[in-house]
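Participant: Have a look at this one.
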Amino acid sequence: MKKFILASNNAHKVKEIKEILKDFNLNILSLNEAGIDIDVEEDGKTFEENSFKKANEIRKYLLSKGESDFIVMADDSGLEVDYLNGAPGIYSARYAGEHGNDSKNNEKLLEELKNVKDDERKANFICVIVAVTDKGEKIVAEGKSYGLILEALSGNEGFGYDPLFFVPEYKKTFAEMTSDEKNAISHRGRALEKLKDNLKGILK
C-alpha cells in the first residue's frame with residue numbers, strides 16, 4: 001500500500017483529510033505517525049508556494065532516508081475578507097501574532113470588522129493543496145467556500161475561524177455543521193475532491 005504522508009500534525013485537519021480520502025487504498029499518515037520531525041518555515045508569498053515548499057522538503061527528507069513509493073501532501077489555507085482587502089490571507093494562522101491561537105485570531109478579526117455592515121462582511125476560505133510523488137510529479141488543487149463573517153462566535157465544532165464563518169445557504173457557521181456537511185462544502189473538502197480526480201491518474 002502506497003504511503004500518503006500529510007505534512008501536518010493538526011489533529012482536526014488530519015481527521016478531515018482521512019475522512020475525505022478514505023475510499024483510496026492509501027496508508028494515510030500524519031508527520032508524527034510517519035516518524036517525521038521537520039519544521040518547514042512557511043515564508044512563501046502565496047498559498048501554493050507554502051504548500052509546495054512543505055511537501056517538497058518532506059519529499060527530499062524521505063528520499064534521503066531511502067524511502068520510495070510515496071506521496072506527500074501539504075495544504076495551505078486561509079480566510080480572505082473582502083472588506084480587509086483579502087486579509088488575513090496567508091497570515092490567517094498567525095493573524096494576531098502568535099501562531100495557531102484561534103481565540104486571539106478571532107478576537108482580532110472581530111475588532112477589525114467592528115461596526116462594519118452585514119453586506120460588507122463577505123469572505124471566502126481558500127485551500128491550496130500540493131501533492132508531490134517520490135518521483136517529483138506535482139499536483140495542485142484549489143478549493144474555495146464563500147460566506148459572511150458574523151459579529152459573534154457561533155458553534156462548537158471545527159477550528160480556526162469556523163465559528164465566525166457563516167454560510168447563508170445552510171444558515172449555519174462551519175462550527176455548527178456536522179463533519180459530513182462541512183466536508184461537502186468546505187474549501188479543503190472541495191480542494192480534496194479535485195485532488196481525488198487527479199490522484200486516480202497517478203494511482204492506476
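For all residues, glycine too, the Cβ spot is worked out from N, Cα and C.
Got these off Swiss-Prot a minute ago, pasting:
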ACT_SITE  Asp76  active site, proton acceptor
BINDING   Ser8, Asn9, Asn10, Ala11, His12, Lys13, Ser77, Phe159, Gly160, Tyr161, Asp162, Lys182, His187, Arg188  substrate binding site
BINDING   Glu41, Asp76  Mg(2+) binding site
Participant: Which ones in the same chain are close to Asp76 (active site, proton acceptor), with CB under 8 Å and 6+ residues apart in sequence?
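Facilitator: Result: Glu42, Gly44, Phe47, Glu48, Asn50, Ser51, Lys54, Ile90, Cys127, Val128.
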Participant: Distance between Asp162 (substrate binding site) and Glu41 (Mg(2+) binding site) at the Cα atoms, whole Å?
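Facilitator: Their Cα atoms are separated by 25 Å.
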Participant: Which three-state DSSP class does Ser77 (substrate binding site) fall into?
Facilitator: strand
Participant: State which of the following binding-site residues has the fewest other Cβ atoms within 10 Å around its Cβ: Glu41, Asp162.
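Facilitator: Each of the binding-site residues Glu41, Asp162 was scored; lowest Cβ tally within 10 Å is Glu41.
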Participant: If you measure every Cα to Cα pair among Ser8, Asn9, Asn10, Ala11, His12, Lys13, Ser77, Phe159, Gly160, Tyr161, Asp162, Lys182, His187, Arg188, the residues listed for substrate, what is the largest value in Å?
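Facilitator: Taking every pair among Ser8, Asn9, Asn10, Ala11, His12, Lys13, Ser77, Phe159, Gly160, Tyr161, Asp162, Lys182, His187, Arg188, the longest Cα gap is 20 Å.
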Participant: Please tell me which one of the binding-site residues listed here (Ser8, Asn10, Gly160) sits closest to Glu41 (Mg(2+) binding site), measuring Cα to Cα?
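Facilitator: Nearest in space to Glu41 (Mg(2+) binding site), counting only the binding-site residues, is Ser8.
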Participant: Which site among His12, His187 has the most other CB atoms no more than 10 Å from its CB, taking these as binding-site residues?
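Facilitator: Max Cβ neighbours within 10 Å, all protein chains included: His187.
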